[in-house]
Every structure is written in C-alpha cells, then in structure tokens.
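Working notes, beginning with the structure itself.
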Amino acid sequence: MAADDLQSVGKCCLRCKRPIFYGTCAKNTSVPLYIVNYTGWLLKRKEFIGNHRWQNTNDRLPSSRLHLSSSFRPSLVVWCCMREDSSIKREEQATKMISPQQIRNFCIIAHIDHGKSTLADRLLQLTNTVSNRDMKDQFLDSMDLERERGITIKLQTARMNYRAPDGNEYILNLIDTPGHVDFSYEVSRSLVACEGAILVVDASQGVEAQTLANVYLASESGLEIIPVLNKVDLPSAEPLRVKQEIEQMIGLDTSNCLEISAKTGKNVEKVLEYIVKYIPPPKDRSSFPLRALIFDSYYDAFRGVVVYFRVFDGILETGKKIRLMNSQKDFESVQVGVLAPHQVPVERLISGEVGYLVAGIKTVQDARVGDTITLAHQPADCALPGYKEAKPMVFCGLYPSDADQFEDLREALEKLKLNDSSLSYEPESSSAMGFGFRCGFLGLLHMEIVCERLSREYGLDLVTTSPSVGYYVYLHDNSSMLIQNPCELPEPHLVDYLEEPYVRLEIITPTEYVGPLMELTQSRRGIFQDMKYITATRTSLVYELPLAELVTNFFDLVKSRSRGYASMEYQWSGYRRGDLVKLEVAVNGEKVDALCSIVHRDKAYSIARALTERLKELIPRQQFRIPVQGMIGNRVIASEHIPALRKDVLAKCYGGDISRKKKLLKKQAEGKKRMKAIGKVDVPQEAFRAMLSLKQTED
Ligand SMILES: Nc1nc2c(ncn2[C@@H]2O[C@H](COP(=O)(O)OP(=O)(O)OP(=O)(O)O)[C@@H](O)[C@H]2O)c(=O)[nH]1
C-alpha cells in the first residue's frame, strides 16, 4: 500500500506532529499501530492508546521491513517521520520549564580548519541531540557549499540536553562559528550571545593568526575562555609545545587544558564537563521587561523572516505582541522555539535562553541583526547595544553573459540578500558588458561564494569584473566622494588626491619564512609596523597594507611563500592618502569601461604592459589591425597590436602585371581602413578575468 492510498483523518500524531492518515481510535482504548514510511514500507508496530501516547509493544513483527501488500489493512496507519524515541524525549524536555542556573551558552572559536565543526559533531552525538543514524560530518554546516569546501560560512546554533556527572540536567546552547577571516563578523555576533567560548587549537599546528584574533574578540566581550587542544591523535601533534604557545601568546593557563581528538572522540565528554563547570550560567533577569538580541536571521518563503535571538531580560512567549526596538515595528510572535538543532516550538523562552522566532516579518530589513526584541505593551527602556554593521570591503561588477538574464540576476540577488545582509548591490551599466550590478562583499571568499551560489542555485552564467575597493576622492573644489567603481573616478584634472582603505595585517609564521613574507608584503606596498618572536620558532609580523593589494591573491601568495605554514588575519584600519591613478584600456581606440582600474602610479606601467599583452592573446583577430592601449588619462603608457587576418587577394593573380597586384593590395588596405573605422571589436569575457589573473601572476 503506497502512502498516497492513506486517508487523512485530519489529526496529527501527538508526538511527531505529522498528520495521521488512516484509521480511528476511541479514547483510552489500545489498538495496534503500524508505522509506515513515505513509500508504504512498514517500519514498526507500536501500541496506540487513544487520544494520547504511544507505547512500544514487545510483540514485534517478524520482519521490521515488511512490504505492505494491498490486502494488508492495519487498524491504524500513521504517516510518521520515524524519529527515534530519544529525539522525541528531547523535544518534550525542551518544553519543560528551566531555570537559568541550568543553562550554559557557549561558542566554539578557532583558526580555520582546527576542528570546530568536528568537535560540534561529537558534542551533538554525545548528548544524543543527533542520533548516530542521522549523523553526518559537519552536521551543522547545512549549505552544500559549506560541506563541499569543508568550511563554515554561517554561524550555526544547536541546543543540547546534558546530564552532568553530578546528576543535574543542563541545557547547552552551542554556536559554531566560521574560521575564515572574511566571516569574522559572524564570530563577533555569536560571542555576544554567549557567556563562554571553547577555544580549539590544533595540537599539530599551534596558535595561528585567527586564533589570536578570536581570543581578542572573546575577551573583549568578557567571555570565559576554555582552551582545548585538538587533533592529539595525529602523529605530528605536539601538545607540550602548543600549550606553551597558548600560555605565552594568549596568556591562558593550560595546566588543566584538555587534550582531545574531535575525530576519534577522545576526551570529548570531558569538554562537556568543563563547559558546565567553568562557563558561568546566564544571569536570572526573567522579571525584567523583555530584551532579546537578534544575532541572525534568514528568510523562509512560507513563514517569512525567521529570527535567531538570545533573551537577555524577561520572557518571550508565543502569541504576544512584540516590538523591534530599532525599526520600531510591531509584530505578533506566531511561533517561538528552540534549535535542537532542528526547530522545535516551545511556549516560552526565559532570560538566558537562545531560540528562534517566527512573527510574520516580511523582509530581513525589518528584523535586522543587532536589533532588540521587546514587548509592545511593556517595552524596555533602551535597546541592547547591538552590533556594528558588516561593511562591504570588496566590490565587483556582476554581468549576465546573456543580456536576457538581467532580470533573473536581479531576482537572484534579491533572494540572496534576504539571507545574507552583508551583501550589497546596485544596478550599473557598462558599454562593453551591458546591464549588470555592482556588488559589495566582505572579502574575496565571500565574493566567490556568492558568485558560485548565483550560478549553482539560480543557473546564471555570469561575467565578473576584477575586484576593487572603495576610494575616497577629494576634488579641487573641496568636495569629496566615495567611489566603489573605478569608472566613477572624475577626470584627473578635477581630482586633488585619493584615499584608499588600509588594513592592519598580522602574519604568524615559522621564523624561517620571515624573509620571503617581508619581501612579499613590501612589494605590495605594506608599511612595516612590528615584528615579534613569539616562541623560539614562530614570529609575528604586523603591517599596514592597502586593502586593494590584499584582495588580489595575497593570501595564496602568503601560503605559497611559507609552504602553507603561515596564517594571517586583518582588520580594517582606516583610509590613507595614496598616489593612485586611473588605468584605462582602449581597444581599437575605444575605452573599455569594465577593464578600468585604480592602481598605484608606480605599478601602473607594469600592469598596463602585462594587461595589453594578455589582451592581445585573448581578443580574436579581425580583418583589420587592432591597437590595444593602456592609458592614464589621455597618455598611452603601454601599447600592443593585434595583427589583421589577411586574405590573400593575390591568390588569383597567376603571374601578371605588378601594377595589377598593387591595385589589389591598395584596394584591400582601403577596405580594412574603412572596416577599422566602423568595425566593432568584441572583447571576450575571458579578457575581463585577465585583469585578476594578471595580478596573480605578476608577483
Ligand atoms: N586527525 C584529526 N583530524 C581532525 C580532528 N578534528 C578535525 N579534524 C579534521 O580537520 C579538518 C577540519 O575540520 P573542521 O571541523 O571542518 O574544521 P573547522 O575549524 O570547523 O573549519 P572551518 O569551519 O572551515 O573554520 C577536517 O578534515 C577534519 O576531519 C582530530 O581530532 N583529529
């Protein structure tokens, strides 16, 4: 019997909340119950007591996987999601009243690839939050891209129930954070929702740049930090050396530091004990007016915006009128729940708890991350401090390769933006590429991920212009403007000077690679700030570096010059004046706006030369000779020519008079001249990528 044959009785299974499809049951009478999966396979037989609970019966069917034939008519068939009893129990527990003393809110922070997500997996398994059957690697990384690349992009939340050795039950709210520097704003958002942080350090690598950056963030937020050495199963693990590094570089006591292997599970249960023991519970402020901080949100096509929040004061209940304090908009809380790690509705969440809210909010802009939720009829006096808004740092133009896809691209960007508020975009047009959008990203990885999602999830074929940064332009008339597209730079005679964004860059490297890395950083216009020998073998280098130099493949070069051992971290440090010029490229006398860039004057010549040489290879030959020129203003600083395709007009002249041949050649030359004057050269899309790849090979 296929599931489609089942008739709905209009009721839901009391435990798994899925509809019951066939059969009736009188109150308090016991009838056998057959649970089938979606295709009609019998999975389990249970006892159903009318109106309420289910009970397991010992009388099992001979085979647990018996295919139901059409003659088989059980007295009651339920369409059931077949979740294990333990998970149903957890949901029941989720709805029980708890006290803040039982709650621990913590996040896992670490340098990229030190094992945060793997540790989160083990914790979920140990607390039976996810059954072994449902478990998969990087369970919390739900996006396909995250799983394929093995990186965390978005922060993820999970609530776990844990019975400590002291016999008490605790609720542990875990937030898994991304490690890549582009997403560090996600880390700072998670920290505000927690009282403690597990600092994971790879025992085979030691303290890296992002480890330090995250520790600074966590201690700024006043979090209790528990250091944990991971990957001790690796033969290359050096726990003693790494502990020393933690003490010297971070200043944390490592006498009780746990040595774990998130992969094999060694000592992971001790991590749970440490969380309960060392991370303080949230303060009990349930009697105060409600204040809950939104730390994440996403758009769901059916339910509107789903908001993730942490209650700081008061109680948030289902069915109450709520107010978002910054946007000053009121909504009704339709559903409040916990993330276990799937969403489970509950009646109420008290101060200290982390959960989600559905309130019929239509746009993410109405429920911005960092806003405070309060009650409409009893609002709090002031909002919680919130967050600094994530500023896009890198910009690029996105153009559909097929002009008809422009509207599709707009729609796709709109949808992506609903779940990724750090993405910005506005329409722009280019004479070479038609209509498109100028988009702002947090960094190169963010840009790569957005482009990949656009092509994968929305089937768009895109042309991306080379990434650029925002510049402040000061004009002679004392006005100033911020430009995100190099083409917007006014004529050179109007411009007084330009300012470009700088970052404070910290590289941590084994000492033997200091030389090549300093050379690289200086070739990228880095300004030396500091150098420290952290331990006998490791050194920290601090530079101020123009962001524009960082976005062109700098990270890969750091990795290749240090054989993968160096790590880096950067923070926005402000704008500085620079000797910058607008480099334009003209093909057949026409400037191609999409190839325009702002570069440092000293590098303009070499970039222009390399670019024109590359374009010469990429632009197909035409019937006429095409000049390709690199220009600053009207001055040509590099030039190449693409030779014409030649038709042998003399082929038909067997012997013959020289004047006849000359006449034919002259006629051909005139034709080409005319063609050149009116002919249009199509610049292939690869040429636009040339600028990026060019800067990559330049070093
Ligand atoms: N041998 C060994 N490998 C581990 C251990 N923990 C994690 N790994 C491996 O290290 C790699 C990175 O682990 P992840 O858990 O994805 O690291 P992450 O810190 O979450 O990475 P991001 O989310 O990208 O920052 C994976 O290949 C894991 O299998 C461990 O204890 N031992």
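Think of each number as a place in line: the chain as shown, counted from 1.
Backbone N, Cα and C define each Cβ position, glycine as well.
Keep in mind that TrEMBL annotations are predicted by a computer and have not been checked by a curator.
Taken from TrEMBL as is:
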- 101-283: domain 'Tr-type G' (DOMAIN)
- 110-117, 176-180, 230-233: GTP binding site (BINDING)
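Mean model confidence of the domain 'Tr-type G' (101-283) amounts to 83 (pLDDT, 0 to 100 scale).
DSSP assigns K116 (GTP binding site) to a helical segment in the three-state reduction.
All protein chains considered, the CB of T177 (GTP binding site) has 27 other CB atoms within 10 Å. Ranking the binding-site residues A110, V232 by how many other Cβ atoms lie within 10 angstroms of each Cβ puts V232 at the bottom. Per-site Cβ counts within 10 Å over the binding-site residues K116, H180 peak at K116.
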